[in-house]
Amino acid sequence: MTTNLPDPFAEPTSGGRAESNRWDRWLRIIIILAVVTAVQFAVELLDVVMDGRLDTHGIVPRTWSGLPGIIWAPFLHADFAHLISNLIPGLVLGFFVLLSGRALLVTAVVWVVSGLGVWLTSPSMSITIGASGIVFGWLTFLIVRGLFNRDVWQVLGGLVILVVYGGILWGALPGTSGVSWQGHLFGAVGGVLAAWMIAKSASGKPSAGPKAIELGGLS
């Protein structure tokens, strides 16, 4: 297991990064999150102006017309309270997923698995909206990725995430009326699947040579 990575959430690299590059990277991540947040608030504001009509474009189970809702649902929320409840953990978890360097793949897998799971299993005539499925996927990805990568720092980072946010995983079980536990459950499954896919892909790459190890890479 790798034990010499300074950042428990970062992807392994063959050499250290300069401090200025690290801050530049964090700044880019913050800008991305700020843009996503602005878009989410803009969409919700437009939905309010339209008297909630945008929400009808969520996921409608087992209907062909409801399939495009898989794309739109994470941008739609019942109200600003619903949006903020997803944004608070989403910004934190999103930061670490972006820091991993695999955010696009992880988010795409979670997005599709969560959306299809809702489309296949949610009650008929319901409409599912919200980004919580993606939040759950990011959470499980960060928790389990170290196990698949056999990386001790990532395992420790995952344990910290589990302690802080693990309680919301109860939302993946049936219980609360009006809450899509299906979206939560399949989002969580998507996060685990993404972690496995990335680890499997990495395991097929040639191992680093002696120079990379000497510079502080994998050991």
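Including glycine, each Cβ sits where the backbone N, Cα and C put it.
Residues or ranges marked as transmembrane segment in TrEMBL: 26-43 (among others).
In terms of DSSP secondary structure, the domain 'Peptidase S54 rhomboid' (70-200) contains 104 helix, 2 strand, 25 coil. The domain 'Peptidase S54 rhomboid' annotation in TrEMBL covers 70-200.
Proximity of distant same-chain residues to the transmembrane segment (125-148), defined by a Cβ-Cβ separation under 8 Å and at least 6 residues beyond the stretch ends, is recorded for 8-9, 40, 55-56, 58-61, 69, 73-78, 82, 86, 89-90, 93-94, 96-97, 100, 106-107, 109-111, 113-115, 118, 154-159, 161-162, 165-166, 168-169, 171-172, 180, 182-192, 194-196, 198-200. Residues or ranges marked as transmembrane segment by TrEMBL: 125-148 (among others).
Marked as transmembrane segment by TrEMBL: 155-173 (among others).
TrEMBL lists 179-199 (among others) with the feature transmembrane segment. Beyond the ends of the transmembrane segment (179-199), by six or more residues, the same chain brings 73, 102, 105-106, 109-118, 121-122, 128, 130, 132-145, 147-149, 169, 171-173 to within a C-beta distance below 8 angstroms of the stretch.
The list of residues near the transmembrane segment (26-43) in space but at least 6 beyond its ends in sequence, with Cβ under 8 angstroms from a Cβ of it, reads 54, 75-77, 83, 87, 91, 94-95, 98-99, 131.
The domain 'Peptidase S54 rhomboid' (70-200) scores a mean pLDDT of 95 in the predicted structure.
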